Amino acid sequence: MAAKVGIFAAILLVCAILLPLLASSCPNHRPEFLEHDSSKTDITIHGDNNNVVHANVNDIAIPSSNYETRNERSLKEKKKSNKNKKNKKEMKSHEHGFEAFNFEHPLIGGGHHGYPHVFPGYNVDPITEEHEQLEILGGLREGFYQNTCPQAEQIIKNGLTRAFQNDSTIAAAIPRLFLHDCFVKGCDGSIFLDTTPSGGKVEKLSPSNGVTVKGFELIDEIKAELEENCPGIVSCSDVLAYLSRDAFVASGLPHYEVSGGRRDGMESRVENVVGNLPLPDDTVDQMIQLFNRKGLNAEDLVVLIGAHSIGVAHCFNFLYRMDTPEKAQMVDPRLGGVMKFTCTSQMSTIAFDATTQYKMDSVFYKQLLMKKGLLESDQVLTQDIRTRGFVQRFSNDEVGWFNKFGVAMNKLGAVEVLTGNQGEIRKQCRAINL
């Protein structure tokens, strides 16, 4: 019995010696772990010093893959924004708010890599969705007038609706104005100006514009109504951007959001038009080079050419094709007969798509594949390896084309824009402010 007591006392003595040594060699630390039930969206994060942070799984962004572009990330985040808005507002008021973070691949874009402030070793501000969207669209953003003139987009839409009921051709005329404005020194409303302080000829007098562009009276009418409701707030260039969207929607295109924030330019020179607008006899090389200069690519070119699903072309833009045997071979014989019969003068017109002249659809692309494109510049898209595949795809995938169209229009609307304190907000679209 005495032996057992001695052994037990020895064990207690060893424990008394070793336990303090082990405790001193291991500092107090509680491993970080997550408490999460897969059926719930709330998680609890435990860290050092018994700190606890509560978060919602929807608000913790996962780093983007190396193959995901900034545009793709922005579109994905935008889809989540409405769903997460309520959760984010609640988290902002939380004492231990957990901020989402973004990751930029060094080859895709520079700048800082944002990480949550929960990780104390990284003192870098996270890149927010709003910042990314502003960067992609040159400072523009959706809902720009939500606080300053919330009725702006409705006023513009109502104006288009009234005009469309009286003259359905206005739907094609407005987007033509938009492209002709944006491709010449940017989307700044310079095509509206009748005069400038310099006294020189303005853009609208260029042979590439002139009688082939219209819609100025509608712009005047809408701008006057906006000035009555929100004086000095909505720019003429933004009016044209929203109005172009509404024109396409009135013609059957699904609604898409348009970013605002453009300001109006203060000059308009006829010489600026030269070399900045596509011509009816352009080659694919010439068109791709022009679109590239504006920040658009070959796919954007083919997507936007689909706007010719509605509207008409003047005979002087295509009748010459029948005078050259080589060019005439690229014209469907029946279409060639229509050209000769209809074009009693150079100012006569023929619908781009006689089948569905007032409807935005993929029939236009099908006709190109059958050599039924009026303009040579449209038809040659089926002959070049860089563009033919897009024509074929959109001819069979109308929904896919619809989805890409709104994106391409917003890219077009971001070309060389004036924002912030640049330019001005005109009181009347035909003249700069005095």
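Just so it is clear, glycine is given a Cβ too, placed from its N, Cα and C backbone atoms.
As written in TrEMBL, here are the features:
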BINDING   ASP181, VAL184, GLY186, ASP188, SER190, GLU203  Ca(2+) 1 binding site
BINDING   HIS308  heme b binding site
BINDING   ASP353, THR356, ASP361  Ca(2+) 2 binding site
DISULFID  CYS149-CYS230  disulfide bond
DISULFID  CYS182-CYS187  disulfide bond
DISULFID  CYS236-CYS429  disulfide bond
DISULFID  CYS315-CYS343  disulfide bond
DOMAIN    139-433  domain 'Plant heme peroxidase family profile'
SITE      ARG176  site 'Transition state stabilizer'
CYS182 (disulfide bond) to HIS308 (heme b binding site), Cα to Cα, whole Å, comes out at 18
By Cα-Cα distance, the member of recorded positions CYS149, ARG176, CYS230, HIS308, ASP361 nearest GLY186 (Ca(2+) 1 binding site):
ARG176
Taking the centroid of the Cβ atoms of ASP181, VAL184, GLY186, ASP188, SER190, GLU203 (Ca(2+) 1 site), which other same-chain residues have Cβ within 8 Å of it?
HIS180, CYS182, PHE183, LYS185, CYS187, GLY189, ILE191, GLY265, SER268, ASN272
Beyond the listed site residues ASP353, THR356, ASP361, identify every same-chain residue whose Cβ lies within 8 Å of the center of their Cβ atoms for the Ca(2+) 2 site.
SER309, ILE310, THR355, GLN357, LYS359, MET360, SER362, VAL363, PHE364
CB neighbours within 10 A of THR356 (Ca(2+) 2 binding site), counting all protein chains shown, number 16
Could you check the recorded positions CYS182, VAL184, CYS187, CYS315, CYS429 and say which one's CB has the fewest neighbouring CB atoms inside 10 Å?
CYS315
What is the total of other Cβ atoms whose distance to the Cβ of GLU203 (Ca(2+) 1 binding site) is within 10 Å?
26
About how far apart, in whole Å, are the alpha carbons (Cα) of CYS429 (disulfide bond) and ASP188 (Ca(2+) 1 binding site)?
11
Quick tally, other C-beta within 10 angstroms, CYS230, CYS236; top of the disulfide-bonded residues is CYS236
Note down the number of other Cβ atoms within 10 Å of the Cβ of ASP188 (Ca(2+) 1 binding site), including every protein chain shown.
29
Using ASP181 (Ca(2+) 1 binding site) as the reference point, find which of the recorded positions CYS230, CYS236, THR356, ASP361 has the shortest Cα-to-Cα distance to it.
CYS236
Disulfide-bonded residues near SER190 (Ca(2+) 1 binding site), in sequence order, restricted to CYS149, CYS236, CYS315 and a 10 Å Cα cut-off
CYS236
Among the binding-site residues ASP181, ASP361, which residue has the largest number of other Cβ atoms within 10 Å of its own Cβ?
ASP181
Which of ARG176, HIS308, all recorded positions, has a Cβ with the fewest other Cβ atoms inside 10 Å
ARG176
